[in-house]
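Heads up, the thing below is written out as structure tokens.
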Amino acid sequence: MFFVMNNVIQNYAWGSRTSVNHLFDIENPTNEPQAEIWMGAHPNGCSTVLFNGEETKLSTLITQDVNAFLSHDVAARFGELPYLFKVLAAEKALSIQVHPNKRQAELGFAAENQQGIPLNAANRNYKDPNHKPELVYALTEYQAMNGFRPISEIISLFSELAIPELKSLVNDLIAEQTPAGLAAFFCGLLSLEGEQKEMALTVLLAQARIIDLPLFSLILELEKQYPGDIGLFAPLILNVITLQPGQAMYLDAETPHAYLKGTGLEIMANSDNVLRAGLTPKYIDVNELVACTRFREKPFDSLLLAPIKDKGVLEYPIPVDDFKFAIIPGATNIGLDVQSAEILLPLDDTLVVTHANGEVCIVEKGQSVFIPAYVHKYTLSCQGRVARAYS
């Protein structure tokens, strides 16, 4: 009835070697980067559970009776576990990304299939027909970029730098301070090549070394990780925010963003669609990126996601149906109703989950447990916080 999960750890190069061990006591005997722990049924890193005495993929378990495991509603709408839950531990910056909306993903996936582009090809943009909204909850200080700064701020920052190679782009933005003007500026910047790009970056870095502000210190730090990358201009265009532990942020489709450093929980729709915009050696399709980006200002004070407290549970309201996320502070015998498949992750201490039939499941800090929809109701006890992913 309750399934303790064995989760995949992804050893991406940008990951921390120590954070997962420090927070969850998960060992790292090979001292590889432990970038992400995947909790879910995604084919690129599917969790396993013990079923009838055998280690079984969670996706295989669910297909035995999708209605019972996911609920009739979720099975009818999605046909699979509709979210992927992660611990993400970044030591270095991840690429600047935009995720398509649902319609864009469906059209792009179909078009690339028709063109015969292999799913694993370097120039493949769409791996599936799904959107990829995300929520991140900080476990440590967590630095990120999210959404466009106000156009007036972008103009002010670039005007102060006075980079000759960018003068015409900046003047055009001053003349047209609209979404279309921002799109032209963004596209023009990403399209810089050769000597023009090299000179613009040279001036940026020279200025960054003499301007004593955190924003320019960040640019210098990113330059060590991604020398010569046009994404070094991104902190001047996008909001830079540092979440404190316990703060959360929603990242919508069509919005440029990047995780820079820190460890947090991430829950997202079950998709792998990424359009990159910088801080990466990987393929950048500027035209497709611009087509899938909404060029609107995102006020800094709108970035944090405030929870709603309901019976002691902190629920984080988001505008999509693929997933929900909540934090349950330390609680004894709190009863919860199950509407769909859930994953619980104790963050600070051992978790005890109990069903009315007497079944008890003990989940250690850093382990997770899969709870099928057919459970209907359970009781939870834990001295520390428990993260709840559901739909």
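Glycine too: its Cβ is placed from the backbone N, Cα and C atoms.
The model shown is predicted, which means the values in this text are computed figures rather than measured ones.
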Using only what TrEMBL says about Zn(2+) binding by Gln97, His99, His257, identify which of Glu134, Glu223, Glu288 is listed for that site too.
Glu134
Once near-sequence residues are set aside, which residues in the chain of His257 (Zn(2+) binding site), 6 or more away, have Cβ atoms under 8 Å from its Cβ?
Ile96, Gln97, Val98, Ala144, Met145, Asn146, Gly147, Leu238, Leu251
Near Glu134 (Zn(2+) binding site), how many other Cβ atoms are within 10 Å of its Cβ?
25
Any further residue of that chain within 8 Å (Cβ to the Cβ centroid of Gln97, His99, Glu134, His257) of the recorded Zn(2+) site:
Val98, Lys132, Leu251, Ala253, Thr255, Pro256, Val274
Distance check, please: Cα of Glu134 (Zn(2+) binding site) against Cα of Arg276 (active site), rounded to an integer number of angstrom.
16
Check each residue in the chain of His99 (Zn(2+) binding site) that is at least six apart in sequence and keep those whose C-beta is under 8 Å from its C-beta; list them in sequence order.
His131, Lys132, Pro133, Glu134, Leu251, Ala253, Glu254, Ser271, Asn273, Val274, Leu275, Cys292
